[in-house]
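Heads up: the structure comes next, in structure tokens.
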Amino acid sequence: MDGDNLDKHHHIVRDVVDCSYLSISWDTSVADTIYQFSQFKPDIGKTTVYYVYAVNNDGQLVGVMSLRDLLNARGDVPVSRIMNRSVIFLIDNEDIEVAMNKMSDLPYRALPVVNDENKLMGVVRSEAMLDVVEEEASEDILKSAGMLFSDAEISRSHAVLESSAFGILKIRLPWLMFGLVGGLMAGVVIEGYEEILSSMIALAFFVPVIMHMGGNVGSQASTIFIRGLAVGHINNENFMKFLLSEILVGLFIGALTGLLAAGAAYMWQGSIELSYVIFFTIVSVCFLASILGYIIPWIIGVLGFDPAAVSTPMITTIKDVTSLLIYFAIAMFFLQGF
């Protein structure tokens, strides 16, 4: 991505419009159009002209043609007879993510951009859209870590390093405080199950394993969801499909890692009951983390907030507390009975 793109976060199509394009009047002859094409001087290394656009006397877009179309036509006919009138275009005030989704499903290297009056404003090239995709991905990665960036800071991550200590504190502290509260709540849960811990000290050895597995699965699920949401691959219509798929993946991960951890627990402590506890806990925690990783960002988005900014700290806090509750409940079932 070049430096210019780093200076501004793009929200609508107008922000990425390229004004270096070739348009002609629809009554221009093919020969004259080819001549104008040969005389057109795009920015070397920056602009490639893929299509010629035809406009009427009011500057409204009425057709499009490729260089091949022009070369295969007779020179004395007007372009109105060979142009494609079914033009696919973007609106200049259209949301950039909607435009990205549209272009990703089309084989064209560029699309014309018109205003509300259908007047040709410029073109958007696929290369520019790739820059926007990269920019959006960088934003989501930074926000998912709980950092509250302004638009300019999102575009340039090095701004964090150049901030004062107080500036960095304002960026990072809010969600760290959220995590602190969650950690204290987890401590309260552990204290509440002190009796079961006293009956088998080895249970304490596996608390980090349980929380680590849940954290990783939840983080992966939320990252996949937020990225899919950002590029338009996940929406309200297919949400349940992807949620069920993620739950299935979480169960498989839980079963495989649970078997490994249970085997290690048995070899280490020689307790089949402890192995059962570890296995069923990891399966349950991975199942729960998969759901939270999708449900929480979705709910946050429905409420009108940015899911990338809130999801990871919230998922971690909820997952830690619920994972411990599940762990000790299963331990009580196998070690003491209800």
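Every residue gets a Cβ built from N, Cα and C, even glycine.
What TrEMBL says about this protein:
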DOMAIN    83-139  domain 'CBS'
TRANSMEM  173-190  transmembrane segment
TRANSMEM  196-217  transmembrane segment
TRANSMEM  247-268  transmembrane segment
TRANSMEM  274-305  transmembrane segment
TRANSMEM  317-335  transmembrane segment
Within the predicted model, mean pLDDT of the domain 'CBS' (83-139): 80
For the domain 'CBS' (83-139), residues assigned helix / strand / coil by DSSP: 23 helix, 16 strand, 18 coil
